[in-house]
Amino acid sequence: MKILVDENMPYARDLFSRLGEVTAVPGRPIPVAQLADADALMVRSVTKVNESLLAGKPIKFVGTATAGTDHVDEAWLKQAGIGFSAAPGCNAIAVVEYVFSSLLMLAERDGFSLHDRTVGIVGVGNVGRRLQARLEALGIKTLLCDPPRADRGDEGDFRSLDELVQHADILTFHTPLFKDGPYKTLHLADEKLIRSLKPGAILINACRGAVVDNTALLTCLNEGQKLSVVLDVWEGEPELNVELLKKVDIGTPHIAGYTLEGKARGTTQVFEAYSKFIGHEQHVALDTLLPATEFGRITLHGPLDQPTLKRLVHLVYDVRRDDAPLRKVAGIPGEFDKLRKNYLERREWSSLYVICDDASAASLLCKLGFNAVHHPAR
């Protein structure tokens, strides 16, 4: 049994070698010749999986180690009788922590408290729900917009997008990309929406590039609209609008979900799905894969305020480390993918062990996802 895996999927060689012969290949572009005798293909979001790639090939199963699936033609796979699995929620924690890192940086730079801001969350799936929970743990007001969930009658106080635009100081997008249909998200943030944002608002896109109309956004910024922008995703990736990058406050190369934990979850989820597909079901404990953290233990005295939270968050991950490299190489062919391929190891907040002498600080840090314990001062 021959299994092709994206060369940038961590732990893929070790895990899938338990099931068959593993060949690691680049994800963009996939070497088509390798597909001629392969039984399974494991990809990431950079690989377009469709009829033109797989027609006439012996592939029986496709796995994507990503939460999003808009790069996969699921309807064609089903029609062709090819098994499929994604990894929903695998990188949700990472994306939430990316958003926090960005917001805390902007709050420090511009001198505002997040408690004084209302956050509008567009898309309340694995990422949006976790983001809502962490923001509300901090006492920050959130507004939710998710028409598909609202129409299904899912639990939640869902509002219209217009209401979020009117009332939110921060608008952050966490939707799939739907190019048509009743829940179309292509250019959901169009010129009209962008121009309608509150003065001084913050716009964040960490889902799919085309959810925000990049051309319209650049037009508004060029005209001097008072708006802070965080973009991790771009229309036309791996190409991007260099002029837009110059205008945004934070720009990164589609790495919001790139924690070691998130990548490992993605790989293990598709591994487990494929092992079940072939009748040799196996399960993997995530902590058996992850290396020891680089941190020892941190001692925190007193309550948790915003400056202290910012220091803890940025100790684990400061978004500026990914903004600067992109600006240096933007516009150079191949460099966007190279930044992603050679991405520095990044951990999640759970990797930081915090000893608190304040019980409320320890409790709050645990709610936020840190590994915190309370030890009263002696």
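Every residue gets a Cβ built from N, Cα and C, even glycine.
Copied over from Swiss-Prot:
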BINDING   SER45, THR66, TYR258  substrate binding site
BINDING   ASP146, THR175, ASP232, GLY257  NAD(+) binding site
ACT_SITE  ARG208  active site
ACT_SITE  GLU237  active site
ACT_SITE  HIS254  active site, proton donor
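When the recorded positions ASP146, ARG208, HIS254, GLY257 are screened for a Cα within 10 A of the Cα of THR66 (substrate binding site), the ones that qualify are GLY257. If you measure from the Cα atom of GLU237 (active site) to that of ASP146 (NAD(+) binding site), you get 26 Å. Cβ neighbour count for ASP232 (NAD(+) binding site): 26 (other Cβ atoms within 10 Å of its Cβ, all protein chains included). The two recorded residues THR175 (NAD(+) binding site) and ARG208 (active site) have their Cα atoms spaced 8 Å from each other. Whole-number maximum of the Cα to Cα distances across the substrate-binding residues SER45, THR66, TYR258: 12 angstrom. Residues ASP146, THR175, ASP232, GLY257 are the ones the record ties to NAD(+), and the longest Cα gap between any two of them is 21 Å. Of all the recorded positions in the list ASP146, ARG208, ASP232, the shortest Cα-Cα distance to TYR258 (substrate binding site) is found for ASP232.
ASP146 (NAD(+) binding site) has ARG208 as its nearest neighbour among the recorded positions SER45, ARG208, HIS254, going by CA to CA distance. For the residue listed as 'active site, proton donor', applying a Cβ distance below 8 Å and a minimum sequence separation of six or more within one chain yields SER45, GLY209, ASP232, VAL233, TRP234, GLU237, PHE336, ARG340. In this structure, the CA atom of GLY257 (NAD(+) binding site) is 12 Å away from the CA atom of ARG208 (active site).
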